[in-house]
Amino acid sequence: MKFIRVNTLKIDPKTLKNRLERKGIVLKETFLDYAFEVKKSPFSIGSTPEYLFGYYMPQSISSMIPPIVLNPKEDDFVLDMCSAPGGKTTHLAQIMNNNGCIVAVEISKTRTKALKSNINRMGVLNTIIINKDMRKYKEELLKKKIQFDKILLDAPCTGNEIKDKHRNVSKEDIKYCSLRQKELLNIALDLLKKGGELVYSTCSIEVEENEEVIRHILNNRNDIELVYLTPDKFLGINIKKGYLDGTLRVFPPNEPFFIAKLRKI
Ligand SMILES: C[S@@+](CC[C@H](N)C(=O)[O-])C[C@H]1O[C@@H](n2cnc3c(N)ncnc32)[C@H](O)[C@@H]1O
């Protein structure tokens with residue numbers, strides 16, 4: 001299944017739909033008025049002038065859910081902790097109507113280039129790109145007493161290894177990722193303002209990288225509560241309650257995803 005997210009910072013969904021349909025691309029509506037399923041395309045969806053103009057982003061419908069659930073406001077100060085190549089950063093900027101401020105952090109230099117290119121292509125103006133390891137950058141932020149209203153932690157996971165490196169994952173990989181995810185989530189929560197909200201997401205199917213990470217945080221910190229999510233508004237998506245009440249899981253044929261929301265109290 002292929003989807004596109006229309007970049008409403010540059011074009012309205014109806015105009016883009018008409019333009020693409022005139023080229024023989026068949027699009028189907030989704031629960032989101034600015035996202036379409038690509039039912040048929042005579043050529044690669046990433047090779048049109050409209051793509052180069054930054055009118056849309058090809059991405060799974062599942063990957064659009066974390067920014068929607070985070071729901072940043074136009075005056076929010078937002079941290080996107082693991083941001084490249086920027087599918088969710090550019091979506092957050094779109095929801096914020098290019099207002100407020102997003103700090104987009106990415107550890108990999110090569111992936112930061114892709115992030116920069118997507119941000120430029122899509123006309124995002126409210127984002128500061130930081131090519132650093134969040135585990136070190138945290139110290140700088142805390143020293144300056146900088147905290148955020150909203151944080152997205154779209155964590156590195158074994159799902160990325162399957163997709164990017166086409167390899168099977170071992171028990172050790174899952175354990176390694178789970179430890180890293182707990183570390184990153186604790187960092188994120190330290191950087192969240194009181195009353196601030198955080199969305200944790202992965203494209204892994206493993207409980208150790210999803211529900212267990214959230215359970216670990218809830219058992220070990222007394223300044224965090226779970227914000228209950230329900231699957232009902234994501235019509236047409238194979239989305240269900242996660243194995244921890246209040247969390248969400250997307251299942252095939254959609255791209256598998258786990259989404260949880262936390263609040264600092
Ligand atoms: C799941 S991908 C993020 C996808 C991105 N959110 C998007 O929607 O396009 C996870 C990213 O986290 C980055 N990463 C891993 N560890 C990190 C760290 N300690 N600090 C910052 N970025 C990190 C990886 O290089 C990778 O690009």
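Indices start at 1 and increase along the chain as displayed.
Glycine is no exception: its Cβ is also placed from the backbone N, Cα and C atoms.
All TrEMBL annotations are machine predictions without curation.
Given the structure is predicted, the values throughout are model-derived calculations rather than measurements.
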Listed in TrEMBL for the S-adenosyl-L-methionine site shared with Cys82, Ser83, Ala84, Pro85, Gly86, Gly87, Lys88, Glu106, Asp133, one of Asp149, Asp154, Asp173:
Asp154
Within its own chain, what residues at least 6 apart in sequence put their Cβ under 8 Å from the Cβ of Asp133 (S-adenosyl-L-methionine binding site), listed in sequence order?
Ile107
How big is the S-adenosyl-L-methionine site in terms of the longest C-alpha to C-alpha distance among Cys82, Ser83, Ala84, Pro85, Gly86, Gly87, Lys88, Glu106, Asp133, Asp154, in angstrom?
19
Applying a 10 Å Cβ distance cut-off over all chains shown, what neighbour count does Cys203 (active site, nucleophile) have?
21
